[in-house]
Structure formats: structure tokens, C-alpha cells
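These come from TrEMBL:
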- B:12-32: transmembrane segment (TRANSMEM)
- B:52-82: transmembrane segment (TRANSMEM)
- B:160-180: transmembrane segment (TRANSMEM)
- B:214-234: transmembrane segment (TRANSMEM)
- B:246-273: transmembrane segment (TRANSMEM)
Amino acid sequence: MSADMSAETSAENAPGNGPGTSPEPESVVDAAAAAAVAPTSAVAAEARDDLAQVEPVVGAPKPDAILVADDVVRRFGGMTAVDVTHLEVQRGAITALIGPNGAGKTTFFNLLTGFDTPQSGTWSFEGRSLHGKSGARVAQQGMVRTFQLTKALSRLTVLQNMLLAAPKNPGERFWLSWLPFTWKAHEKAATDKAMELLARFKLDDKAGDFAGSLSGGQRKLLEMARALMTDPTMIMLDEPMAGVNPALVQSLLGHVQALRDEGMTVLFVEHDMHAVRHISDWVVVMAEGRIVAEGPPRAVMQDQAVVDAYLGAHHDTDLGDDSLLDPEILARLEAEEEKR
Amino acid sequence: MDEFLRILTQSLAEIIAPTTAAFAIAAIGLNLHFGYTGLLNMGQAGFMLLGAYGFGIATIAGFPFYLALLVALAAGLLFALILGIPTLQLRGDYLAIVTISAAEIIRWIGRSTWLQEWTGGASGLQGRNYKGTFQDLSPLPDGRTVIGPLEYINTGSDSWWTRIFAWGLVALALLFVWLITRSPWGRVLKGIREDEDAVRALGKNVYSYKLQSLMLGGMLGALGGVVYVLPLTIAPDAMGRTMTFFTWTVLLLGGAATVFGPVLGAMVFFGAYMLMRTGMRALAENTGVGDIITTTNVEQIGGMLVGITLMLLVIFRPQGILGNKKELAFDVR
């Protein structure tokens, strides 16, 4: 508990006035982000306004929370992987879950989506408890997830991957499977919807190819498109940008934003700080299984406790920067390091 | 020349033999398990033996033919439930371990003296005790029929009626599997074969689908077992691990996840197996080869060659005769 308390106090005091903070690097990406983030849908705009009112402290109540978790604890043997006291996720917003490797982000994700079972705790989605629900049931309720290691179904075609995700297909019941007239209409509608989604993700010309022949980035896109086939109200993305080339990252970010602008709630785990700053409305920071800070992206990233402990003191310093060769600057950085 | 013709005729006869049809049906079931759903069932012979016992014991107890057939199917279904409920939640390899041991347990129970009253113990059930109801169903007139080089009695153990019935069931099983696997239901099975977590994340109850697949394939296995014993006797030791591996060879030879693969695989496998053994025997008897391959060890050499064939298949042509090379080009694991 003490870790939470200290993080809370620092979250209130710290923003922007840590010792020797270097000027905020406004990269091209960030500038583009600032221009692009203005949400277009009413839900998203409302979520944004709502979040502006929320105090950036751990466990802060949100005006319209879609997902609420309380005292979720997961232990592996003697190690406590996740110990989340209270978390609310705002409807219609993009919430990023960040933290160093081993912080328990993916485990927490698995717990929320029914892919793992916690030792204790309760959590609810849209007011209904998800405790003890299987991964399939969670998805049926409208909370669909993707995976860190992309799970494209290699030996199915891209279109089959999409159709597989269509909910409530009568032909998926064994007793009706051999009677095509009972599911042909549903199949046709699902195919139209799938082609529309594939076109949006620029995969429509690949519809007939085996998913195994796609590139890593295309598989990420396919996985996202496939998740959308289930008509989710909330989409959970586990490291959507991992292993994707920079050019595709931009387009992926655009797609994630588009989801929010359509009124969907997005929760995503990510390592890429630029991506997080770029698109998220709210950031939750995890370390050693606990939530140590939360707030709007800029405030959280300048939170000294977060910056020091979890991102490394000089996370914004470009190691390829020539100025680092200047002995004066090096000396200053070292002096800073001494002071800690 | 006569010798040569005799060998060819024997091989042809083996291609349409009832036992070949029996293995085809069992392999169609295994195809549903492995080819479509990715379940490693290493105990298909256990399903077959249970089906045979179910049919034989029910008939001896006085059940009419179709009811006894239902008992056999129910036995396969029950065995699938007992195996599947605890193991299908585990990773795939565990199912392989459990099925291979469960099939052995069935065989050992069958040959023990404990249930000898029903199973006949190690010597099994004699054919004449349970074949009556089946042979009474025959619409064929008495006598013998010659078609080409093949001649059999019309009705009896090794008869045209047994062949017609066996291959009729193969056709039905093919139609059944073709109908259910081309549907969205079949697509879910294939999805599970590729990655069950991904399918679970899309809101499908993976466990239920795997159980359905295990039950349906197991019932087909039981049906194959019934067909296998119609011209023979029910002998537990004839339906052990070798039978499971023959079924796997048949499936992989024909091509997993194809509709006709198991049937073509069964025909090619048993045709070639017979050709090889009769050929070796003829060579051993008539030529100098006899010094190396004697007629007494032809069976053993044949068994070894089947093992080698299975290994070569898996290494060099995993997609089988009918499989799509492209579909296997992506190594999923």
C-alpha cells in the first residue's frame, strides 16, 4: 500500500517541476498527434471532457466507467504478479496501460478478459460482473481482445479469419451445420461486413490468401479487423505496435483512433511511448503488479516517480544525439544521476 | 505370369475388402479429430474395439441389428466423453497420452477374465455368435457371384453383402463429414486447429467444439470397429496399437483435412501392403531372394516397411496424396 501512497502524492505534486527536466521534446510525431487527436464522435468528445474533470490520482473514479476492477490479485507461487486495488476505465476513451517489462500488464489484461483467473478480486464490465466468466463469455459480452504475439489463423484464408469472428452464426451450431439454407443468409451478410472492414484496413485484395502469407504488420491489422467483426463495445489491444515497422505504426494509430471516434472504448498495453502520448486520452502506469499512477498522458509522463522508476531517468534523451558527446552535458547528466 | 496375376488380383481384392472400408471409416473419424480440429487422438483403436464390443455383446444379448449398431455408436460417444471432459482443457499432447493409454486399458479389460462372460476374454467373441442379424438383412439371393477376377459368396462373412454394406457406410460417413466441415461449424474447428486461444478470444466456446469433434470422430471410429469385425471375430489383441498406427498411416497417406483423403489412403495403403507381402512371399518361394527374405519373416518385414513409410510420409510429404502443399507451407508452431 505504501508504494501506492507515495505514487499518489508525487502524482499530485510532481508534474513538470522535477529537478533538471530537459525541455519537452516536441517531435514531428507529437506535433502531428496534437493536430490529429481531436475526437469527432459525440461519445468520444464527451469522454474527453469528462476525463478533463477527473483528478489524476490512482483509483480515481470516472464519470462514466465501463470497466471497474477492485482488489484483483494474481499470485504465481510466492510472486504477486498483479495487485490492483481499484481501477475504472472511462467509456468512449482510449486508455493506455504502460509500465516496464514484468510489471504485470499482460497478466492484468488476461485476468480482465477471462484468460486467467485471479486469486481474489471482482471486476465488472458495463455493470455486469465478469468474475469467473471464460474468455469466450467475456468476448460475447462485448469486450474483445487481441494478443501480443499475433494469432492469425495461418491455414485459414483472410476472409475465413474474418467470418469466423462473426457472432451468433446459426451455422456454427452442429445441428444446423449440414443445412446450408439455415445459415446462408447470415453468411452473406457477414461476408459483406467482412469485406467492408478488410477494405478499411487495406486487406481486401488479400481476402483469398492464407493468413499465414501475410506480413507481421498485416497480421496485426487482420487481428484488429477480426476483433471488430464481433461488434465489440470495448476493444483490448495487447501491444498493437509490437514488431510493426514505423510506417505501419502511423496507420495502426490512425485505426485505433478511428475506433474511439466510432464510440468504442479502447484499452491498450504499449511500450512505445510516442504511440501512447500520440493517441491516448488517459494513461495508467503499472509497476510490480500495482497501479502507481494514472492521469492524462502529458501529466503522467512528466510525473517524476513514473519517469525515474519506470521509464529510466533519461528516457527522452536520444542516445544517438551528438550533444551527448559534449563533455559539459555529460557532466551535467552525471551530476543529476548523483543527486538521486 | 499366373503368379503375377494372382498377386495383382489379391491386391485388388484387398483394395475393396471390408477391412479396408473399416479403416477408411475409422480414418474419416480421425480426420475429424486431427485434420480438422487438431486433436491428437492416439487411441482410435480403442474406439473401434469398444464399438465392436458394443455391437457384438448387444447382438448376443438379443438386440436387433440397428439397435446393436446404435449401442456401438453410444459406446464410442461415451468413451469420447469420459476421455474428453477431463483432458480437453489441457494442452493437446496430453490428449495423445491419455488416449493411447485409454485404448490399452480397454484392450486389457477386454482380454481379462474379469468380464469374460461378456467379452470372451483373450479369445474374444466368435463371429457366428453375432453375425446372424447382419446376414439376415442381406437382400442378395443365395449363391456366388463373379465380378471380373473377384469371386465371393453373396451372403456370409467374406461376402459381397459385407462389402456393399461396408462401402455404403464409407459413402455415408464421407457425405456426413463433407456436409458438416464445409459449414461455419467446420470453420470453427479449423480455427481451433490453428490457435484455440484466438478462437476463444472471438467468443467461441472452444471446449464444447473440441468435445463435439471428439465425440463425432469417436462414433465414426466405433462404426469402423463394427465394420472391421463383421467378416472376422472380435479379438481384443487384433485391435491394439498397431491398428491405431495403421489408421494414422492411412490418414496421413491420403491427406489430413481433405474429404476423400482417408478413403484413398486406406485403398492405397492396404493395396500396396498386400502387394508388398504377396510379392515378397512369391519372390522368397521362387527366387534366390528366399535366402535373405524367408516366407516366415515376410510379415515382420512388412510391418517394418509400414513404419518406415509413415516416417518418410511425415518428413517428405506431410500433406499426403490429396493435401494442399500450400496449406502446409506455413509452419504454425
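In case you wondered, yes, glycine gets a Cβ from its N, Cα and C as well.
Between the transmembrane segment (B:214-234) and the transmembrane segment (B:246-273), fewer than three CB pairs separated by 6 or more residues in sequence fall under 8 Å, so the two stretches do not touch.
Between the transmembrane segment (B:160-180) and the stretches B:12-32, B:52-82, B:246-273, it is B:12-32 that has the most C-beta pairs under 8 angstroms. Here the transmembrane segment (B:52-82) has Cβ contacts under 8 Å with residues 46, 102, 106, 110, 118-119, 125, 129-130, 132-134, 136-137, 211, 214-215, 217-223, 225-226, 228-229, 234, 239 of the same chain, all six or more residues outside its ends.
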